[in-house]
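Look at Swiss-Prot and you will find Gly77, Thr80 tagged as Na(+) binding site, backed by sequence analysis. Per Swiss-Prot, the feature transmembrane segment maps to 4-24, 37-57, 67-87, 98-118; the stated evidence is sequence analysis.
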Amino acid sequence: MRKLIYIIVGIAGILGALSRYYLGLTIHEFWHHTFPLATLLINLAGCFLLAWLTTYIAKLNILPSDVITGIGTGFIGSFTTFSTLSVETIQLINHSEWGIAFLYVSCSILGGLIMSGLGYTLGDFLLKKHLTEGDHL
């Protein structure tokens, strides 16, 4: 059993969680509305990054697979948060903010799919460009 992967994922997870916390605080400094913008932006960025990572960086073989796993599962996994999305939605519903709750869930799901698609498209484009320039995987 490779114990190093657990350390890599754990450290990356700590960094992802701290990044989410800091970015959330930063966004809350200028966003003072009911809509949970910080969680939405963080989750959308994570969707883009994970798709790009798995489509492009992982296939270049420039990083060991343990590092790719650490970034994807550890950093991005702890950077994004489905549980916060769920709790914030319930809080909005409990405060009768039905419209905002619907908008939040809709933006999260559709936006996540769009950002994942963009990350995949960019990764695929960069990979094809990399391969046509004579570099091989």
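Including glycine, each Cβ sits where the backbone N, Cα and C put it.
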What same-chain residues lie close to the transmembrane segment (98-118): Cβ under 8 Å, and 6 or more beyond its ends?
34-36, 40, 43-45, 47-48, 50-51, 85, 88-89, 92
Relative to the Cβ position of Thr80 (Na(+) binding site), how many further Cβ atoms are located within 10 Å?
21
Neighbour tally for Gly77 (Na(+) binding site), based on other Cβ positions within 10 Å of its Cβ:
19
